[in-house]
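Notes follow the structure.
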Amino acid sequence: MLYLASRSPRRQELLQRLDVPFQTLQLDVPELRAADESPDQYVQRVALEKAHAGLALVQAADPDAIVLGSDTEVVLGERVFGKPVDVDDAIAMLRELSGRTHQVLTAVVLVCAQRAPARALVVSEVAFDTLDDAQIAAYAACGEPMGKAGAYAIQGRAERFIRHLSGSYSGVMGLPLYHTSQLLTAFGAH
């Protein structure tokens, strides 16, 4: 059985598009970046920790379990933008992203007891239009930025702010479907 180690409704929705049966695991894995950790190392480590935590949870009951862990972070330079803690934090993030091109890093990891983990790191570039304070305040007030890395949802109202995207649209949402499908096929789960 395939298990998704994620609370994200977007990841659940995206994984359903691959027509692979799966169950969702509700896990709390700390997402704290070490001072000497690069953004790509960080996102890959968190995805691996989520997958391993999920495997530890289900392995006794399902020895053949395959667990998918994923993490997405918005990066501008060396700064990693996590999920905003409140509306003011969302506004600050959106002001920094306004008029600039940032990266969205999404790591996907598959683990099981029988083999080494399979991994993918997908890097997308997103160019934001220049936003004025009224646009930022209105978007932050709608609630959509909360719970989203970088304080925006590309699949939602923020799509109108995206001047250019290079990379994986589904990766920016939280689960790059092409790469996930390739990993699942290599693991024999697709």
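Each residue, glycine too, has its Cβ placed from N, Cα and C.
Feature annotation from Swiss-Prot assigns site 'Important for substrate specificity' to Arg10, Thr72, Gln155. As annotated by Swiss-Prot, active site, proton acceptor applies to Asp71.
Mapped onto three states, the DSSP output places Thr72 (site 'Important for substrate specificity') in strand.
Figure note: comparing Cβ neighbours within 10 Å for the recorded sites Thr72, Gln155, the maximum is reached by Thr72.
With a 10 A radius on its CB, Arg10 (site 'Important for substrate specificity') counts 19 other CB atoms from all the protein chains. The Cα of Gln155 (site 'Important for substrate specificity') lies closest to that of Arg10, out of the recorded positions Arg10, Asp71, Thr72.
In this structure the alpha carbons, written CA, of Arg10 (site 'Important for substrate specificity') and Thr72 (site 'Important for substrate specificity') are 11 Å apart.
In the three-state DSSP reading, Gln155 (site 'Important for substrate specificity') counts as coil. If you draw a 10 Å sphere around the CB of Asp71 (active site, proton acceptor), it holds 25 other CB atoms from the protein chains shown.
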